[in-house]
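What follows is a short report on a single structure.
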Amino acid sequence: MGKVYKKVELVGTSEEGLEAAIQAALARARKTLRHLDWFEVKEIRGTIGEAGVKEYQVVLEVGFRLEET
């Protein structure tokens, strides 16, 4: 039998950079979701402060495998 996946959308943020924003979103997802298998970056944006980039924001679609019943 094939596997079934569910997708959720998350937004990770970081003042450090894009990779840190992705890692923040995935770290939080791991606390409540099991069987995380993949992610896709859907959107990249940020906020601007007086000195330049204030915060990076990455919208992710995360796929996780549903458990068989």
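Positions of Cβ are set from backbone N, Cα and C atoms, glycine also.
All protein chains considered, the CB of Arg65 (FMN binding site) has 14 other CB atoms within 10 Å. Annotation source Swiss-Prot lists FMN binding site at Lys3, Val4, Tyr5, Asp37, Trp38, Arg45, Gln57, Arg65, citing experimental evidence.
In sequence order, Arg34, His35 constitute the residues six or more apart from Glu67 (CoA binding site) in its chain with CB-CB distances below 8 Å. As annotated by Swiss-Prot, CoA binding site applies to Lys6, Arg28, Thr32, Leu33, Arg34, Arg65, Leu66, Glu67.
Residues or ranges marked as site 'May be important for ligand binding specificity and FMN binding' in Swiss-Prot: Arg65.
A 10 Å cutoff on Cβ-Cβ distances gives Arg45 (FMN binding site) a total of 11 other Cβ atoms nearby, all chains included.
Of Lys6, Arg28, Thr32, all annotated as binding-site residues, the residue with the shortest Cα distance to Arg65 (FMN binding site) is Lys6. Under 8 Å, Cβ to Cβ, and six or more positions away along its own chain, Leu66 (CoA binding site) finds Lys3, Val4, Tyr5, Lys6, His35. Arg45 (FMN binding site) carries a strand DSSP state (E or B). Mapped onto three states, the DSSP output places Arg28 (CoA binding site) in helix.
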